[in-house]
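Trainee: Okay, here's the structure, questions in a sec.
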Amino acid sequence: MERRKDALPTLPVCVCGHSSVGVPHTRCLMSGSSRVGFCLSDKKRRRINLQAFADFCAGHGVEVVEIDLTQPMGPQGPFDVIVHKLSDVIVEAEHDSHSQQLLANFQSFVSDNPSTVLLDPLPAMTQLLDRFVSYRIMSELHNSLQDWHVCSPPYLEIHSAGDLSSIQQAVTTLSFPLICKTRVAHGSLSHEMCLIFSGGGLADVRAPCVLQSFVNHGAVLHKVFVVGERHFCVERPSLKNFHPGPCDRKTIFFNSHQVSKPESSSDLTALDKQMPLLPPPSSEAVAALVKELRLQLGMALFGVDVIINIHTHTLTVIDINIFPGYEGVPQFFSALLSHIQSVLGKQTAVSPEKNQTSGAPSAAATSL
């Protein structure tokens, strides 16, 4: 995998307004302030507007520091909390020695500073990079949330595309059309998907991937953004309805970003005028879903993609996302700061030896 140019921040900059270039980081001169390190790619930092968030936090006694992974983390600390999205580094560490070293340095720092709380714990975040794992979690939701009529579509893990006939036999447990997604849920390739309409179209499968039964949902996607104990629902365009069952239609390849972003405009989202409006997701069901996933994942910053089945009106979970962009959530800054302050409050109530080490959530993180 080619290293992305925006994979890592380039300078250890304290973005609360206090210059830190060329000097070791020490606690901000703001009396009584807490230090929160952000370890994000350049793209992610711009997307959430970290500079504006730092300005917002500065008036609330919280200093935001941008962490540079390419430099020793010790002099950049100390940190009360580290907010991170190390997806690039984790994925690239599978085959790149430099990324392996960056990840090892980060884990070593966390291990040496057990009072620092991670948002979110690395093992919890890493599992969502693998759709095989996240889809297994999703498939269990109908058991724990059956009273709320929450489910996820049937799916199949494709580890190898070497035997087309065996794949054709296995998909008899699913229903056409099928949506095909890459196993790795990160990077530009993870947004490249396709709709398969018959057994013959399975020749277009590129393993490893997941095949998921497509559910007609009126071309409306509901993105649920979770920030600690708060969550926000944002409506987005989505794929239009297709006739159920196999047909001779050719495979449709598409990029999910071109379909489901706020500004998206695509023929794939065009609905028949006769399509009635679907009811919005039940707020109670969404709240129950978020509560269950926070418990199952052990995370505070994630997103859930849900749709409403046009026939059954069932709340259907189709994907889980790590630390999403929170586009369309005007309360994101206040919600994130509130959650950080909540974590800091819990942090002071527990002894350091009970806080997080490199492999397990801290006492504060367990109730995120």
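Each Cβ is built from the backbone N, Cα and C atoms, and glycine gets one as well.
Just lifted these from TrEMBL, have a look:
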- 35-124: domain 'Inositol-tetrakisphosphate 1-kinase N-terminal' (DOMAIN)
- Lys44, Lys85, His191, Lys223, Asn321, Gly325: 1D-myo-inositol 1,3,4-trisphosphate binding site (BINDING)
- Arg131, Lys181, 212-223, Ser238: ATP binding site (BINDING)
- 148-341: domain 'Inositol 1,3,4-trisphosphate 5/6-kinase ATP-grasp' (DOMAIN)
- Asp305, Asp319: Mg(2+) 1 binding site (BINDING)
- Asp319, Asn321: Mg(2+) 2 binding site (BINDING)
- 349-368: region 'Disordered' (REGION)
Trainee: Please identify, from the binding-site residues Arg131, His191, His222, Lys223, the residue with the sparsest Cβ neighbourhood, meaning fewest other Cβ atoms within 10 angstroms.
Mentor: His191
Trainee: Cα-Cα separation of Gly325 (1D-myo-inositol 1,3,4-trisphosphate binding site) and Val220 (ATP binding site), in Å?
Mentor: 19
Trainee: Could you count the residues of the domain 'Inositol-tetrakisphosphate 1-kinase N-terminal' (35-124) that DSSP puts in helix, in strand and in coil?
Mentor: 44 helix, 17 strand, 29 coil
Trainee: May I ask which of the binding-site residues Lys44, Lys85, His191, Asp319, Asn321 is closest to Asn216 (ATP binding site) if we compare their C-alpha atoms?
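Mentor: Of all the candidates listed, Asp319 is nearest in space.
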Trainee: I'd like the number of other C-beta atoms within 10 A of the C-beta of Gln212 (ATP binding site), please.
Mentor: 22
Trainee: Can you tell me which binding-site residues out of Gly218, His222, Ser238 are within 10 A of Asn321 (1D-myo-inositol 1,3,4-trisphosphate binding site) by Cα, answering none if there aren't any?
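Mentor: Checking Cα-Cα distances against Asn321 (1D-myo-inositol 1,3,4-trisphosphate binding site), none of the binding-site residues falls within 10 Å.
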